[in-house]
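Asks: There's a structure below that I have some questions on.
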Ligand SMILES: Cc1cc2nc3c(=O)[nH]c(=O)nc-3n(C[C@H](O)[C@H](O)[C@H](O)COP(=O)(O)OP(=O)(O)OC[C@H]3O[C@@H](n4cnc5c(N)ncnc54)[C@H](O)[C@@H]3O)c2cc1C
Ligand SMILES: Cc1cc2nc3c(=O)[nH]c(=O)nc-3n(C[C@H](O)[C@H](O)[C@H](O)COP(=O)(O)OP(=O)(O)OC[C@H]3O[C@@H](n4cnc5c(N)ncnc54)[C@H](O)[C@@H]3O)c2cc1C
Ligand SMILES: Cc1cc2nc3c(=O)[nH]c(=O)nc-3n(C[C@H](O)[C@H](O)[C@H](O)COP(=O)(O)O)c2cc1C
Ligand SMILES: Cc1cc2nc3c(=O)[nH]c(=O)nc-3n(C[C@H](O)[C@H](O)[C@H](O)COP(=O)(O)O)c2cc1C
Ligand code: FES
Ligand code: FES
């Protein structure tokens with residue numbers, strides 16, 4: 001028996017696997033039993049109802065996708081009245097993801113959706129498709145600090161700000177979030193990118209830029225998660241290009257407490273249950289009885305000292 | 001006949017294709033006739049002789065590579081005495097690439113290698129493998145400004161700072177470089193990334209982090225090049241994941257004046273000559289007589305106005 | 001609220017069954033028994049591991065794929081589709097799945113069929129499938145055609161108007177409609193007579209088939225409109241359906257409005273998840289018939305079949 | 001300065017020839033005539049488009065690949081290698097090329113051969129090659145073995161000490177040495193007798209072959225050292241070569257120092273470009289024999305064959 005249980009701060013999860021916001025919905029419940037997940041993370045909502053950006057919204061590369069969706073939202077009332085009750089039928093903790101245009105609205109929305117059934121709130125300060133050129137609160141340590149602070153004063157639920165890989169100073173943003181009282185970090189959201197159809201001369205998503213996600217981004221996303229793990233003392237939830245147990249293990253070895261699966265859910269909607277099974281098999285094969293033993297277990301290469309051959 | 005000539009500032013090139021620094025060397029001259037290139041860019045050198053970081057230095061993904069080399073250098077004397085004379089036998093302009101530990105040294109080295117045969121100097125302020133955690137001058141607009149300024153006062157050759165995709169504020173860095181007198185920008189260097197071998201628990205390159213390069217990075221690199229094109233008025237040389245004419249055309253359509261080919265040279269050392277041939281074929285097929293007609297020719301999608309159906 | 005969004009209580013009984021995802025595809029081809037513990041056989045959507053019976057060219061552009069399929073796949077109805085994990089091609093592989101309308105379902109024979117145009121990386125991969133290969137088809141997905149009820153004693157008369165691959169989407173509707181007692185008239189449009197597909201399959205199903213082609217210059221909108229009016233005059237059309245073509249959409253919107261009958265259209269859009277999660281597949285629709293205000297709807301989940309009058313041209 | 005780095009004047013004459021790169025690989029398989037205008041037939045390194053003659057398993061782990069190859073490839077000498085664009089596998093594809101030592105070159109028959117262990121994505125792709133398929137092999141690359149000159153009247157005696165796939169690298173050296181008049185003794189080490197490769201090929205070439213195996217417990221360092229001493233006593237070894245194994249390296253370093261003879265070793269390292277550009281393939285070497293100071297050298301360009309005494313164990 002392998003013990004897959006992990007804790008993300010005060011939140012206990014049956015296993016470290018959950019969907020990434022926006023890549024999972026009620027429809028998935030028609031494909032597999034959601035009770036096998038570590039947690040359920042819903043698509044980012046805003047207080048108001050939003051349509052999102054014009055299509056085409058998706059382009060595809062050999063091992064990655066470019067999505068430009070722009071946070072369409074059915075609004076917070078729909079979320080409370082329909083979405084929360086739907087997921088309350090399942091045992092994994094429900095994590096809401098929210099976005100807003102101002103620091104105050106982040107606080108207000110956090111307060112509003114702190115209803116029974118919601119177990120933590122992700123602060124999506126990092127959507128690359130909202131503002132021009134992918135700027136977001138999460139690009140700025142100070143703005144991130146303010147958002148988290150506002151949410152922390154508005155709710156008693158754990159607050160998990162989601163980092164953007166487009167910030168050069170992601171470690172500073174992570175530290176600011178921690179200082180503001182963040183309970184965990186989700187690292188990271190999609191990478192701002194673009195592609196052009198050379199036959200039509202047009203951008204491949206109407207919004208010109210979108211978020212690059214999927215397997216090809218994993219080495220970048222792992223690096224950022226590792227940098228955050230090194231910098232902060234709160235739990236880090238790894239996200240980016242994870243589609244198999246081996247992918248998830250890279251993030252766990254780098255020190256992440258849990259992982260989120262995004263684009264791989266589109267490649268196969270049963271990616272997460274299979275990943276969980278394969279984690280068990282990996283642990284059995286390596287004689288590991290608790291998945292927590294893997295967390296942060298990365299080992300360095302032996303150093304080579306060119307000055308002294310005798311060391312070799 | 002298709003006219004492939006482009007100008008990068010004052011420098012006239014027979015075609016817009018050149019190697020990316022560090023992915024090309026004297027050995028390539030044993031595979032094809034270098035005279036067909038638009039320009040020749042050499043590996044970054046430092047004034048002193050350096051060994052670089054320990055192996056393993058390369059890991060591979062489905063469509064990208066992770067290299068951690070760390071600028072080994074034979075030093076500036078070797079460059080002047082051996083490298084420059086070697087490439088003077090070929091007609092394409094030679095672009096030297098330099099790196100240094102301080103602003104002053106950047107200036108000194110620029111002065112030293114401004115020898116006959118060198119036609120422009122790339123300022124590699126962006127190597128992700130030099131300092132801890134991939135910090136580099138190029139992460140900071142002010143430091144970049146100083147480096148370019150120092151080089152401009154030290155040499156009369158064109159100075160091309162090379163941007164790092166790891167800076168969140170790459171547009172600010174680009175603007176700082178322009179303000180300091182940069183003659184063109186090379187956009188971009190490799191993306192800081194990492195990978196872990198889940199069987200051995202060790203990082204897949206000894207240096208833990210390295211530069212992610214190759215096809216999979218192209219949508220990110222194109223976005224950054226486009227952002228720079230939008231922001232500056234000096235020429236931008238696109239770089240990142242280019243391996244075919246279609247890839248190069250994305251960067252040209254986005255407004256780049258020329259392109260650099262890196263990792264694709266490892267996949268096939270004849271990538272560049274084939275790419276140049278295929279550019280001609282593309283232009284012929286589209287009835288384009290001058291490649292410069294493509295530069296910046298990106299067209300936007302028709303807008304969709306949800307408020308007024310009648311517009312549709 | 002869309003029907004599909006309504007809460008579905010998870011069922012208690014759980015059956016371990018094979019439903020390998022695309023990552024395990026190659027292994028599945030050999031093993032067939034790959035599974036995951038959270039599979040619940042009673043759920044309506046599955047990654048159906050189908051076995052190829054045949055995959056033949058029916059003309060220079062289109063192939064006809066016949067599969068043996070597990071039970072979940074056999075519940076598909078006209079207008080629904082599967083999201084198919086296309087096998088890799090020679091030196092390329094589609095990362096995402098590809099949506100394909102169900103062309104025919106024969107539950108008794110445990111058989112489903114697709115008709116597809118070979119064009120890009122995904123369909124080129126599909127084209128390589130050979131008998132006994134396996135294929136992972138997620139589905140059935142989406143909202144199919146909704147045949148309206150007719151007054152007792154009256155016969156429904158369903159018009160199918162399709163061009164090119166649109167046929168694939170409409171064909172099973174003919175079968176369903178005829179089984180329900182309706183009369184079906186199918187107008188098939190194509191570039192040339194050799195590219196007209198499924199005329200025989202439709203005739204066998206009992207539909208009246210009218211063919212128009214560009215080559216014979218019988219396929220322009222004016223002539224098609226005249227043809228529809230003749231059909232309607234002979235026996236009043238009670239339900240009109242189409243797909244794909246912008247030109248045909250406008251004509252049919254106008255005619256169904258004039259005739260005062262409902263109509264539906266099957267639409268396409270590039271997709272990510274195909275289960276309503278990613279919102280990649282939206283298109284603008286009138287909020288309601290006649291409205292000037294538009295809203296985005298998901299082709300995969302709210303459609304792919306939509307009300308004709310709420311659809312906007314493109 | 002390494003010889004290979006010395007300036008080579010570009011030659012004036014230019015011949016258009018086929019040298020499709022990996023991106024065009026699939027097309028090349030069909031076309032064979034893909035080319036680029038900057039190809040110069042007189043240059044020493046090319047993307048050789050070879051045609052598979054055979055690709056057979058010689059034991060459960062190794063395959064033997066026999067290719068028809070163009071002129072440039074036929075100039076390869078022992079110790080050199082090719083950087084091979086491996087064909088894609090079932091659901092995977094190697095992005096970079098894979099280095100493979102030349103196992104045999106027969107210029108008269110326009111033939112080159114490789115011996116390789118099937119292990120990861122690249123070699124699994126190679127294993128799928130069938131007769132008449134084409135393969136893009138960049139080369140010949142690197143610095144081969146340098147047989148030292150012997151005094152007139154004396155016979156050179158070359159020792160080959162190899163384990164496992166090391167054989168592939170050493171085998172052509174036996175042929176070259178014997179052609180140059182040397183005597184060759186090859187000590188082959190393997191896990192079991194069934195995994196010993198190339199003993200026949202070496203014997204046919206005229207080498208004395210000694211086999212040691214783990215199964216028979218004859219392959220430990222102590223016994224191998226004793227064997228080498230016996231060989232040396234019978235006829236003085238003038239040049240000793242090895243590859244691959246750390247254990248064998250130390251033993252041979254000690255013995256050649258004692259015998260006062262030169263030695264070389266073929267090494268491996270993960271590669272990027274294989275033409276000296278990327279510096280990915282470095283290993284630490286003593287700056288000179290006996291030095292305590294190390295420097296990184298490129299296995300692809302400064303090697304893969306290096307002086308035995310400058311090599312460091314790993
Ligand atoms: C609900 C639905 C049902 C469909 N049914 C059929 C059918 O029965 N037979 C048939 O031949 N085709 C059908 N199509 C179209 C089919 O999905 C596309 O032809 C296919 O995706 C093209 O993939 P490709 O890789 O071969 O082409 P590529 O052009 O290489 O595809 C590139 C990208 O564009 C997307 N794409 C291209 N064309 C379309 C399209 N028309 N619709 C959606 N995405 C597209 C692909 O999914 C992919 O992401 C249907 C589409 C939808 C949405
Ligand atoms: C100069 C040289 C000559 C060689 N000659 C032969 C030969 O004749 N026969 C033979 O069987 N093998 C030979 N090898 C080793 C061969 O290159 C590797 O077995 C092969 O690269 C493994 O690739 P893979 O994709 O199957 O394995 P994977 O393990 O999937 O490869 C993963 C990565 O590691 C690299 N890699 C793995 N093992 C090695 C290795 N030993 N050396 C270099 N890179 C490696 C691959 O290139 C790739 O980048 C040689 C290596 C070198 C450097
Ligand atoms: C279609 C799509 C929609 C997304 N929507 C959201 C969202 O609403 N909120 C959010 O925080 N992240 C969103 N993301 C980002 C993912 O949650 C995740 O951070 C990102 O996709 C990287 O993970 P992946 O590579 O596993 O997909 C979205 C991603 C995709 C592909
Ligand atoms: C092995 C290797 C070495 C590199 N060395 C340098 C270097 O010395 N100086 C530099 O400016 N960029 C260097 N780069 C970065 C490339 O010049 C280029 O910016 C990057 O690889 C992105 O382009 P690509 O995706 O086409 O490879 C190196 C890249 C690789 C892969
Ligand atoms: S494809 Fe994801 S919502 Fe329709
Ligand atoms: S592999 Fe590039 S220098 Fe050796």
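Numbering starts at 1 and runs along the chain as displayed.
Cβ from N, Cα, C; glycine included.
Straight out of TrEMBL:
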ACT_SITE  B:127  active site, nucleophile
BINDING   B:21, B:43, B:44, B:124, B:162, B:214, B:240, B:241, B:262, B:263  FMN binding site
BINDING   B:43, B:124  substrate binding site
DOMAIN    B:4-280  domain 'Dihydroorotate dehydrogenase catalytic'
Asks: Near ligand 6, which of the binding-site residues show up if the criterion is a Cβ under 6 Å from one of its atoms? Options: B:124, B:162, B:240.
Replies: none
Asks: Highest CB neighbour count within 10 A among the binding-site residues B:44, B:124?
Replies: B:124
Asks: Relative to the Cα of residue B:43 (substrate binding site), which of the binding-site residues B:21, B:240, B:262 have a Cα no more than 10 Å away?
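Replies: Among B:21, B:240, B:262, the ones whose Cα sits within 10 Å of that of residue B:43 (substrate binding site) are B:21.
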Asks: Taking each of B:21, B:44, B:240, B:262 in turn, which of these binding-site residues have a Cα lying within 10 angstroms of the Cα of residue B:124 (substrate binding site)?
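Replies: Neighbours among binding-site residues, in sequence order: B:21, B:44.
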Asks: Helix, strand or coil at residue B:124 (substrate binding site), per DSSP?
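Replies: SS state of residue B:124 (substrate binding site) = strand.
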Asks: Could you say whether, by DSSP, residue B:262 (FMN binding site) belongs to a helix, a strand or a coil region?
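Replies: It is coil.
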Asks: Work through the binding-site residues one by one (B:43, B:162) and point out the residue whose CB has the fewest other CB atoms within 10 angstroms.
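Replies: Across B:43, B:162, these binding-site residues, the one with fewest Cβ atoms within 10 Å is B:43.
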Asks: Helix, strand or coil for residue B:162 (FMN binding site)? Use DSSP.
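Replies: Its secondary structure by DSSP: strand.
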Asks: Within the chain of residue B:21 (FMN binding site), which residues six or more apart in sequence place their C-beta under 8 angstroms from its C-beta?
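Replies: Expected: B:41, B:42, B:43, B:44, B:97, B:122, B:124, B:162, B:260.
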Asks: Return the average pLDDT for the domain 'Dihydroorotate dehydrogenase catalytic' (B:4-280) as a whole number.
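Replies: Result for the domain 'Dihydroorotate dehydrogenase catalytic' (B:4-280): average pLDDT 95.
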Asks: Across the listed FMN-binding residues, B:21, B:43, B:44, B:124, B:162, B:214, B:240, B:241, B:262, B:263, what is the farthest Cα to Cα distance, given in whole Å?
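Replies: For the residues that bind FMN, the greatest Cα distance is 19 Å.
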Asks: With every protein chain in view, what's the tally of Cβ atoms within 10 Å of the Cβ of residue B:262 (FMN binding site), excluding that atom itself?
Replies: 29
Asks: What are the non-local neighbours of residue B:240 (FMN binding site), defined as same-chain residues 6+ apart in sequence with CB under 8 A from its CB?
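Replies: Looking at Cβ-Cβ distances below 8 Å from residue B:240 (FMN binding site), excluding near sequence neighbours, one finds B:165, B:187, B:188, B:213, B:217, B:218, B:220, B:221, B:222, B:224, B:225, B:262.
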